[in-house]
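TrEMBL has this to say about the protein:
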- 16: active site, proton acceptor (ACT_SITE)
- 152, 253: substrate binding site (BINDING)
């Protein structure tokens, strides 16, 4: 049995539950069984729509150690299970207390030192290999680097061409947008959209606090299309000429699709461990700014980057090629293979 521990709310990007679901779907396709565990029901719309069982603990998502008794009760019937935690709130004690009941794995970027951990997946570009080798050695299966990016079905790498003229731009800001970043970016892009006759397709996350205002303001705007409950993200990405995206898991999906991308940071977590700096260093995206340091400044930077790309097909082609080469879309397969080996050892 594979058990996922993950949350989703207005403070946690939906990318966490999405990547766990990507692994879960691959695991299920191989005949494996799994279920999810969350502190509250914030993740339930995502998980239940995919047909997976969910156990809600009614606990504090910021304090994983407080839920240990409840998690032990859940794991007791499943001897030899793998317990995969996708939470920045994980602690060494949390792992240690559960290690005698399951093979505990961690999916994320936190520099956790826990000798009892049996699997660690960090698909970041900017990884301190020495830290992981020094901290875990051969006792833990280390799945490091973008080859292990757990992307949803449909994001397998396919050849992509770049059109000479830009006709469609995709904007996505993630699961939540408490500060109204989406609307400010739309406003900043409108003059370019009108002048160049470009359509902007905006994906509105389920916890976007401004969704009503966005519909009220742009529902009659010919250049802007607002989209909710999107189930065909891979298709949307392949249809656009440029993407504007918050940093995070979505960037890896865009990379698999080879979309020239302008990235920006919604929250400090997206800049953790130097990931955005590495993306800029590699030159695989056009990085705009940090929205959490100033929304208007970020939106203006996004507009400038987009305008430049609209008029530079050569640069778009270069971005598409370099970004595309980072990801092959087979990360879930690789992770599930390692989980199978781990499960067989117990």
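Think of each number as a place in line: the chain as shown, counted from 1.
Including glycine, each Cβ sits where the backbone N, Cα and C put it.
The Cβ of residue 253 (substrate binding site) has 27 other Cβ atoms within 10 Å, all protein chains considered. Ranking the recorded positions 16, 152 by C-beta neighbours within 10 Å puts 16 at the top. DSSP assigns residue 152 (substrate binding site) to coil, not to a helix or a strand.
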